[in-house]
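Visitor: Dumping the structure here so I can ask a few things about it.
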Amino acid sequence: MTLWNGVLPFYPQPRHAAGFSVPLLIVILVFLALAASFLLILPGIRGHSRWFWLVRVLLSLFIGAEIVAVHFSAEWFVGTVNTNTSYKAFSAARVTARVRLLVGLEGINITLTGTPVHQLNETIDYNEQFTWRLKENYAAEYANALEKGLPDPVLYLAEKFTPSSPCGLYHQYHLAGHYASATLWVAFCFWLLSNVLLSTPAPLYGGLALLTTGAFALFGVFALASISSVPLCPLRLGSSALTTQYGAAFWVTLATGVLCLFLGGAVVSLQYVRPSALRTLLDQSAKDCSQERGGSPLILGDPLHKQAALPDLKCITTNL
């Protein structure tokens with residue numbers, strides 16, 4: 001046991017960015033680096049296929065980045081209220097402040113900003129994060145917040161999400177976030193698989209993998225949306241009530257799931273309706289010999305293909 005619990009007493013405590021965490025920043029930077037690397041080699045691609053590959057790669061990177069990034073975003077549910085409320089325990093002092101609650105898959109983020117910021121001879125600008133990851137103890141974090149003497153609005157909202165609270169918010173959001181996170185990781189795995197399969201002679205399976213990606217992304221959204229059907233405990237700060245709404249992470253994930261379903265459905269439909277057009281679109285290469293002949297090409301990527309094509313002898317050359 002070290003003095004001051006291993007914390008330097010004369011320096012400010014580390015602050016958390018409201019709604020923007022370090023893992024989220026790392027994910028964004030990694031995918032931006034991949035996109036920048038592709039843009040560097042883009043001028044080396046000739047012809048109209050350059051724009052096709054630009055759209056294809058950037059769209060695929062966006063889907064993958066979104067699926068990973070929302071795990072670390074705190075903006076699945078967002079609530080904001082301006083109120084006049086008590087400031088500290090055992091004190092009659094009141095402050096006018098803006099309180100914001102962000103709920104993510106791994107915890108909550110509470111911000112308290114005075115309006116104006118300087119009141120009661122101090123700066124009222126708090127941002128506290130409470131997590132419920134597998135290795136984190138939410139109750140212990142709340143106990144530490146009590147020892148630090150955080151403002152009443154922060155402690156009030158944090159207490160509503162404790163496991164022992166009669167509101168039951170902890171169990172609802174924790175369980176929903178756990179299932180949403182699991183389904184999103186499955187969606188990410190199928191996204192990786194779809195990129196591989198769409199680059200093979202079997203684009204049909206790539207389309208099916210995209211459909212599965214969209215389905216699991218929507219499963220994660222529905223897991224979080226199921227909380228709305230349960231009456232939640234009211235959150236009152238002073239004379240105002242704080243209500244949460246779907247945040248940016250929720251809507252972006254919903255849009256990504258619908259986009260994956262649309263793209264996957266388009267690939268599967270083209271495979272059965274216009275397989276040659278799909279192959280030309282995905283490969284962006286010269287037509288093969290059977291297409292030059294004007295005959296029906298042999299589609300190796302279609303498992304339901306029943307035709308048998310004879311080899312084109314004009315395309316066979318021998319070196320004597």
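Numbers run from 1 along the shown chain.
Using N, Cα and C of the backbone, Cβ positions are placed for all residues, glycine too.
I grabbed these lines from Swiss-Prot:
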TOPO_DOM  1-21  topological domain 'Extracellular'
TRANSMEM  22-42  transmembrane segment
TOPO_DOM  43-56  topological domain 'Cytoplasmic'
TRANSMEM  57-77  transmembrane segment
TOPO_DOM  78-183  topological domain 'Extracellular'
CARBOHYD  N84  N-linked glycosylation site
CARBOHYD  N109  N-linked glycosylation site
CARBOHYD  N121  N-linked glycosylation site
TRANSMEM  184-204  transmembrane segment
TRANSMEM  207-227  transmembrane segment
TOPO_DOM  228-247  topological domain 'Extracellular'
TRANSMEM  248-268  transmembrane segment
TOPO_DOM  269-320  topological domain 'Cytoplasmic'
Visitor: Please report the distance from the Cα of N121 (N-linked glycosylation site) to the Cα of N84 (N-linked glycosylation site), rounded to the nearest angstrom.
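Guide: Cα-Cα distance, N121 (N-linked glycosylation site) to N84 (N-linked glycosylation site): 17 Å.
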Visitor: Take the C-beta pairs under 8 A between the transmembrane segment (207-227) and each of 22-42, 57-77, 248-268. Which stretch has the highest count?
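Guide: Going through each listed stretch, the top one turns out to be 248-268.
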Visitor: Give the residue from the glycosylation sites N84, N109, N121 that has the most other Cβ atoms within 10 Å of its Cβ, counting over every protein chain displayed.
Guide: N109
Visitor: Could you round the CA separation between N109 (N-linked glycosylation site) and N84 (N-linked glycosylation site) to a whole angstrom and send it over?
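Guide: Between the alpha carbons of N109 (N-linked glycosylation site) and N84 (N-linked glycosylation site) there are 20 Å.
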Visitor: Could you count the residues of the topological domain 'Extracellular' (78-183) that DSSP puts in helix, in strand and in coil?
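Guide: Output for the topological domain 'Extracellular' (78-183) reads 35 helix, 42 strand, 29 coil.
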Visitor: Who are the long-range neighbours of the topological domain 'Extracellular' (228-247) in its own chain, taking Cβ under 8 Å and residues 6 or more past its ends?
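Guide: Contacts with the topological domain 'Extracellular' (228-247): 73, 75-86, 94, 99, 101-103, 153, 156-157, 160, 165-169, 172.
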Visitor: For the topological domain 'Extracellular' (1-21), what is the mean per-residue pLDDT, to the nearest integer?
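Guide: The predicted confidence over the topological domain 'Extracellular' (1-21), as a mean pLDDT, is 49.
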Visitor: Kindly report the helix/strand/coil residue split of the topological domain 'Cytoplasmic' (43-56) according to DSSP, in that order.
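Guide: So the counts come to 10 helix, 0 strand, 4 coil.
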